[in-house]
């Protein structure tokens, strides 16, 4: 019996460490997007809401981990999550237009300060002991389910357009892997609040990867037909991890016919940067325990 418990504890520790490592990588997924913002000295065309929501999620799970005993691995990853999402938001705020700054400030004050403070005060004064942990744990789980379910709009978009252009395989793979690790951790630690939301994460991740395999060739054929006609500048505007594609400018392919190598190089560089932005903004850590 003691040996079985020791094995459970060891396995839980292993899965928790692996979950931390993979979640660290996922948290860095938007880094190319913010490097692009830094280089442009402008955040115009981008939204801060996905990162505000990711910060709120990390704050919830961090507080839950502090209420529990023996939750060091939850504390480490969500402390890091709070730090890096705060950095992303500050960088966005620094380079955003004035109207976007005002909107970002309103949401941060309302959600990350207001709602979070109300939840903490209610939990601290209305509940005690294990009830406090259980109730707040299910609040965290419910929020994670909502965030995991949000990318269903991406799945619908892939099916509708038969294109996986805006659903990068690598990001879907690492999010699925992260969900598997945290599901196993929650199961071994007998923590349903951690395990249950990640069941949905695993299922959704597998669906995304299957769709990627099914539609990737169709997407390439469509892109080959479209590319000679237009060069479209797009940004991914995400809400709770969902993505909508908004064209903010289009040029005919022959708009600059100087024939210079610089123009061609600029277009190729732009396409690569846009591809980086798409993978960085698609699902910016919608969930992480």
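Quick reminder: no glycine exception, Cβ is built from N, Cα and C everywhere.
Copied over from Swiss-Prot:
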| type | residues | note |
| --- | --- | --- |
| COMPBIAS | 277-289 | compositional bias 'Polar residues' |
| DOMAIN | 14-100 | domain 'MtN3/slv 1' |
| DOMAIN | 136-219 | domain 'MtN3/slv 2' |
| REGION | 249-289 | region 'Disordered' |
| TOPO_DOM | 1-10 | topological domain 'Extracellular' |
| TOPO_DOM | 32-45 | topological domain 'Cytoplasmic' |
| TOPO_DOM | 67-70 | topological domain 'Extracellular' |
| TOPO_DOM | 92-106 | topological domain 'Cytoplasmic' |
| TOPO_DOM | 128-134 | topological domain 'Extracellular' |
| TOPO_DOM | 156-167 | topological domain 'Cytoplasmic' |
| TOPO_DOM | 189-193 | topological domain 'Extracellular' |
| TOPO_DOM | 215-289 | topological domain 'Cytoplasmic' |
| TRANSMEM | 11-31 | transmembrane segment |
| TRANSMEM | 46-66 | transmembrane segment |
| TRANSMEM | 71-91 | transmembrane segment |
| TRANSMEM | 107-127 | transmembrane segment |
| TRANSMEM | 135-155 | transmembrane segment |
| TRANSMEM | 168-188 | transmembrane segment |
| TRANSMEM | 194-214 | transmembrane segment |
Taking the transmembrane segment (11-31) as reference, the highest number of CB pairs under 8 angstroms among 71-91, 107-127, 168-188, 194-214 goes to 168-188
Between the transmembrane segment (135-155) and the stretches 46-66, 107-127, 168-188, 194-214, work out which stretch tops the count of Cβ pairs under 8 Å. 194-214
Please indicate, using numbers and ranges, the residues of the same chain that are 6 or more beyond the topological domain 'Extracellular' (189-193) and have a C-beta under 8 Å from a C-beta there. 12, 16, 64, 68, 70, 134, 137-138, 140-141
Rounded mean pLDDT for the residues that make up the topological domain 'Cytoplasmic' (92-106): 95
